[in-house]
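**Q** Starting off with a structure, shown below.
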Amino acid sequence: MFPTGIFLMSVLISQMQGRGIVGVEGQELVHPKKLSLLQKRDLERIHDSDTPEEYEEELLYEIKLGRKTLTLHLLKAREFLALNYSETYYNIKREMVTRHPQILDHCFYQGSIIHEFDSAASISTCNGLRGFFRVNDQRYLIEPVKYSDEGDHLVFKYNVKAPYATNYSCEGLNFTKKSTLIDAKIIEEHKVEDYHKEKFIELFVVADEFVYRRNSKPQNKLRKRIWGMVNFVNMIYKALNIRVTLTGMEIWSAGDEIEIVSNLESTLLHFSTWQETVLKKRKDFDHVILLSGKWLYTSMQGIAYPGGICQTLRSCSVVKDLLPDVNIIGNRMAHQLGHSLGMRHDDFPCTCPLGKCVMGAGSIPAIKFSKCSQTQYQQFLKNQKPACILNNPLPEEFNDYPFCGNKKVDEGEECDCGPVQECTNPCCDAHKCVLKPGFTCVEGECCESCQMKKEGVICRPAKNECDISEVCTGYSPECPKDESQANGFPCKNGEGYCFMGLCPTRDDQCAELFSGGAEESHSLCYRMNQKGNRFGYCKNKDNTFVPCEEKDLKCGKIYCTGGRRSAHLGEDKTYNLKNVKQNISIKCKTMFLYHNSRDMGLVNSGTKCGEGMVCSNGECIEMEKAYNSTICSSLCDENDVDDNEPDCQCEEGPIITEWGEALNLTSVSIMVVVLVMVIIGVGLVILLIRYQKCIKMKQVQSSSREIRGIENKVYFPDEHQTRSEPIFTDIYPLHNTAESLERVPSTFSSPHYITLKSVSKDPRGIADPKQNDNMNLNLDSQSDCTRLG
């Protein structure tokens, strides 16, 4: 027993020394105990799943740490990998090999500590428990003990008050306003509400040769290491309602693809050029991080472009990977990603307790983002509108997996504020995902203090004259869908027409491009659009600049005057024109943008170019044609706003947009009306002829009333009439019937049935067989006469 204890102690000491874990003040040997957990949602998933999973969806572990027992509640990180996840490496011949492994199962989890309100965890269960967890401000690292068959683990306690050396700093490239870059993709039209929803960052990770060499054995060691880092980053960014998902990784196993030097700024410039010109052509992502294991003689541990997310050239960063602790490297990745999202360091006056906040300096894993960082991030979203983080890259089955605590209101739930430990909503019962007694709502623009606002309360004021104010319904906590004035509605005193909820004008576009009071230049400038070069054209077809036609001149390149140099990545051009006759000098300033999916230098679509005319893709066309109002009106019902066409604001009556369509529609209508009238006329003629025949029959029949017959009873809707008439045994059965129906009240409008009450018998009491034959006669003619009577 004694030798075994000595051996175990020596193993623990060697593990601590070999790992070189930074910032810990103590460790403790623990034996995590797995608790049974099989709930209804687990049973449902087992029945629905065709492929059994090695790793469970939900786990409970009990850990006795000191005098306290902690219950670790873990949920599998469903948003961990993107649908198009890929792995790239290089063989001995430096040939690139790319795989797309179908990862159906993994061992990475996130969670919290039960009964601890402020807690979090990022754990892998691949071979024992390995990762990070915290309780309030205290943070821990847990790892399995090497060579132990008893399930022994070491829990290291991070020292919150540990000194922070300068070698744990980072650097962000500083840009002046002049060089701040905004890609056109960022400013594409998105509703403001989109930026309040959940965001998604598709992260790509590149590991240099040094990182590969230190983690090449066992074969999947580097993969699990990078996955652990991304899982930690994802846990951190959930506080900002952001999911960080790994879309792929590339391993420079045969040598670095760029020059990595001690100057991190130079390394970042090399890396940004490589990822834009090489990596972007074969892989889509929102941000890429280079993990460098090269011992760089610099105090900086990472570098990033501030506010660079979604920019083709600058959405990248470099992070040093020299320490064995995955959580510390993951924390640095989260820090650099924060710079890319517009966050600055938590320096004075934005302070944060040591080691607590992601954007502060520190050598141990952080806990959360400071209020300053959150404010800076929200301001970045408002100003820059990074569009790439709005699309959801996760597999559909990941998004649809229902359970109480996933922060999504699934079927059968009234609310879902996340795990019990994370829920801060006073309206929702986090244990059952139902509203607390007496409450009617949880959140929304029409929900206040857990109660719905009254009907008619404005929940979304009109942002401008092309917008429409929305009001609460009184029965829904959500504000109705954001609606706007119909495209083409006059605005700004007739200077423009509404388009997609805005009133685009050239003055506003100039102010956006060049700021500083820039406005539209003289109309003579637009003659430059006939040149057909980069600074004067209407269409760009495969880098061939098509000059404008006369009618489209004011829909090509926009020309401005005043303002400053453009803040966008591109080339400015100013023409100085002189008009000798009018003795005026004109400045015509325009620009050509780089790295853009659409050219902001062209006059915006929807801008007025004449009475009833607007610009559309470099052409000046009729407003009705541009907005396709015919389709709009056909989809709308009276004054309703069509849900499928947010651009349509419907008016009373049909909207005919083109004479050709109107004529076609009118022709069809006339043909239908004429055809109906012809059918009605023919029908009336036939009825008149039959009516005259019935009159003649009654005249013939009036001379033969001496014969007595059976009693007929005719049923009508409102009254009964009984009379005795003979039923002839010859070919004239209709005469009597017609005469009988002659006395039908004028209110009678439809034929009814006639029943026979009795039949005549001969003196012997035997019914006349001929009468039975008459009973079976066809009464169609009677019905015809009845209709005419």
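Yeah, the Cβs are placed from backbone N, Cα and C, and that goes for glycine too.
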**Q** Quick one: Swiss-Prot says CYS310 makes a disulfide with which of CYS372, CYS388, CYS404?
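**A** Looking through CYS372, CYS388, CYS404, the record in Swiss-Prot gives CYS388 as the partner of CYS310.
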**Q** In Swiss-Prot, CYS479 sits in a disulfide bond; tell me which of CYS459, CYS466, CYS498 is on the other end.
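**A** Recorded partner, per Swiss-Prot: CYS459.
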**Q** If you check Swiss-Prot, which of CYS357, CYS372 bonds to CYS352 via a disulphide?
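**A** Swiss-Prot says the disulfide from CYS352 goes to CYS357.
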**Q** In whole Å, how far is CYS388 (disulfide bond) from ASN84 (N-linked glycosylation site) when you measure between their Cα atoms?
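**A** That comes out at 16 Å between the alpha carbons.
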**Q** Roughly how many Å separate the Cα of CYS352 (disulfide bond) from that of CYS372 (disulfide bond), to the nearest whole number?
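**A** Between the Cα atoms of CYS352 (disulfide bond) and CYS372 (disulfide bond), the distance comes to 9 Å.
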**Q** If you compare CA-to-CA distances from ASN583 (N-linked glycosylation site) to each of the disulfide-bonded residues CYS310, CYS357, CYS388, which comes out shortest?
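**A** Nearest by Cα distance to ASN583 (N-linked glycosylation site): CYS310.
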**Q** Specify the secondary structure state of CYS350 (disulfide bond) as given by DSSP, simplified to three classes.
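**A** CYS350 (disulfide bond) sits in coil per DSSP, no helix or strand.
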**Q** So, three-state DSSP: helix, strand or coil for CYS357 (disulfide bond)?
**A** strand
**Q** Would you mind splitting the domain 'Disintegrin' (401-487) into helix, strand and coil residue counts from DSSP?
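**A** The breakdown for the domain 'Disintegrin' (401-487) reads 0 helix, 15 strand, 72 coil.
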**Q** When the Cα-Cα distance from CYS459 (disulfide bond) is computed for each of the recorded positions CYS310, CYS357, CYS372, ASN628, which gives the smallest value?
**A** CYS372
